[in-house]
Amino acid sequence: MGGGDLNMKKSWHPLLMRNQEKVWKDEQAHKEEMKRVEQLRREIEEERQLLELHRLQEAAGGKKRKDRVEWMYAVPNTNGPNRDSSEMEEYLLGRRRLDDLLKDKIEDQNNSLEKTEFIALQNANSLQDTQAKLRLDPLLAIKQQEQKQLQTLMEKRKYSLDSDRKSKERRHRDRHHRSNQDRSRERSDNEQHSSDKREHSRRSYRNDRNNWRERTHNDRYRHRDKYDSGYFKKHYDDDMRFDQGHFQDERDLKKYVRTSRQYSRSPSPDFRTRNHQFHSRDSQPITQRHTDIESRLQKMQDNAKELDESRRKKIELLEKKERDEEQFLEKERRDTARKWDNQGDFIRNMRKEIYSGDSVSLADRVNSSRHNMLRP
């Protein structure tokens, strides 16, 4: 029971009838296409030869031929629906009159005008309808509302910016005005303080002068009472008698009395001392204050110098300590390198692990030492 050739069951097998039919149809279509191409080539060649012949005729003096497309010059029936080729032939043959043709032409123009008016009326109606539709369009209303909201927001933002700018300007003016007021208040306070101080000094001076006047007045009355008591009157009379005998004339006596009165009216040394102390009382605290300020400044400068000196000494000590440590470490490195014959740290560590590590047993150490001892 044979199944035959299995390739015959494949769709691509060339011995199948349908594949052979498809190949035959493709070959026939190719042949037809080649025939059409050849015919088109012959037509093009004939047309080229014909054009060459016309060119030679025109060059020989023949009539020039106008190259144009005839169908573009064909006149359509544009004179109304009742006009056709037969009517045109009748006019050309003289069977129709010219006034009839003109009358028909006027009627056609009137009809065209009526048609244009109707179209314009339709256009007007369509414009009104369009406007009504636009008014009733919800999307357009939403768009207009959004534009209004956007415009409102822009106006609010502009108003807020203007208000902020005005508030800044107002704060600047108020700050400037307050600073001017503070300066004027400070100036007025200083002036008031100085005026109060001057008034106090004047008042103190007036009080001292009044006290001196009262004291001199009381002394004068006291002297007058003593003079009236009898003792001073007696001595004064004796002095006057001596003076009258001593002075030669009355003018010397008057001069002596006037000089004694002026001397009695002059202020006492105690009052002059108190007045001097009063005037020097205000100047003494200012001098003392300047002296205190200078002493504090000198003390601060001395403290700063001492602090800088102590800081410099500490830095020098730290630098010296660092240099000593570096020298000690460098010395240790040199000693270690000299001890291990200038071997690196890695090799030294490996040798330590090999010869003295925990992984090496006592027997391995004995064998290695024995091997080293037997080595010549």
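Start at 1 and count along the chain as shown; that gives each residue its number.
A Cβ is built for glycine as well, from the same backbone N, Cα and C atoms used for every other residue.
Quantities reported herein were computed from a predicted structural model and do not represent experimental measurements.
The range from 90-138, 286-334 that Swiss-Prot describes as coiled coil is residues 286-334. The helix, strand and coil residue counts that DSSP assigns across the compositional bias 'Basic and acidic residues' (154-167) are 14 helix, 0 strand, 0 coil.
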